[in-house]
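Notes follow once the structure below has been shown.
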Amino acid sequence: MTLACLPQTQCPLQRQVSLAKFTTLNVGGCAEWLVEPRTIPELQAAYIWAQEEGLPITVLGAGSNLLVSDRGVPGLVISTKHLRYLTTDLETGQLTVGAGYPLPKLAHHTAKLGWRGLEWVVGIPGTVGGAVVMNAGAHGSCTAQRLVSAVILEPDGTLAVVAARELGYAYRTSNLQETQRLVLQATWQLEPGHDPAQVKAETQKHLSDRLRTQPYGFPNCGSVFRNPQGWTAGWLIEQTGLKGYQIGHAQVSEKHANFILNCGGATAMDVYHLIRYVQTAVADRWAVWLHPEVKLIGNFA
């Protein structure tokens with residue numbers, strides 16, 4: 001199969017593209033096929049084409065919170081990074097954003113408007129689509145608290161507007177995970193009318209707190225493990241003596257133990273083996289099994 005563009009579009013269809021540059025960990029093999037749609041119709045066309053060809057579909061936003069196998073990803077990988085549109089409704093205080101819009105940029109934009117509600121997303125290295133799927137959260141807030149609805153591309157290729165209450169939200173999860181339902185845009189309910197200077201200051205404080213406590217000098221995927229009930233994953237890992245522990249070129253961060261760093265030249269298998277080692281060591285010490293927040297994509301057998 002040799003195609004320059006998706007059928008009926010001007011959207012380039014690329015073959016055997018390294019995904020390392022599409023992830024915040026800078027690891028991973030090649031996508032069998034890769035497409036970077038700039039519009040919702042192009043994304044629909046990509047989805048329908050993959051279904052017609054019998055290809056599995058993987059969606060990437062900012063490439064955080066995921067680990068791509070060194071063996072690559074079969075089928076079609078859809079990058080949403082160009083779906084970055086944003087509209088505001090000044091009367092209702094609602095904000096509608098494309099799935100590829102970066103969360104830090106969104107926080108700064110709403111702060112400039114004097115709209116409260118998304119100050120906490122400023123330090124999350126992800127996109128709107130990923131936040132909706134994962135119920136991203138920080139500083140005691142999460143996506144589900146402000147989300148009104150999402151536009152979903154359903155498995156049959158149709159679009160549906162789905163209310164937030166129908167997305168089955170819980171801690172760092174939704175019923176969109178492990179499905180072929182794709183988030184295309186989200187509408188949030190914010191609180192307009194505040195002093196922009198004050199909202200900017202609060203946003204900057206959240207960012208400063210994250211920069212002070214979390215590692216940003218090396219590639220990483222964000223928090224690796226979910227916090228078990230009654231515990232924090234970082235504390236458990238630190239108390240197990242694993243800060244700085246390294247397999248290959250992947251290392252448990254000295255600054256925050258719930259982060260794994262690519263210290264230069266790490267492979268996805270280095271990271272994977274380190275994740276498994278940490279899980280086993282913590283379970284042996286505390287009888288607590290750490291469940292990954294990071295999503296594994298591809299074959300790690």
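A Cβ is built for glycine as well, from the same backbone N, Cα and C atoms used for every other residue.
According to Swiss-Prot, the active site annotation covers ARG172, GLU293. According to Swiss-Prot, the feature active site, proton donor maps to SER223. The feature domain 'FAD-binding PCMH-type' is assigned by Swiss-Prot to 26-206.
Location within the structure of each feature annotated in Swiss-Prot.
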residue: ARG172; record: active site; Cβ neighbours (10 Å): 18
residue: SER223; record: active site, proton donor; Cβ neighbours (10 Å): 23
residue: GLU293; record: active site; Cβ neighbours (10 Å): 21
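Under the three-state DSSP scheme, GLU293 (active site) falls in the coil class. Model confidence over the domain 'FAD-binding PCMH-type' (26-206) stands at 96, taken as the mean pLDDT rounded to a whole number.
Calculated from their C-alpha atoms, the gap between ARG172 (active site) and GLU293 (active site) amounts to 8 Å.
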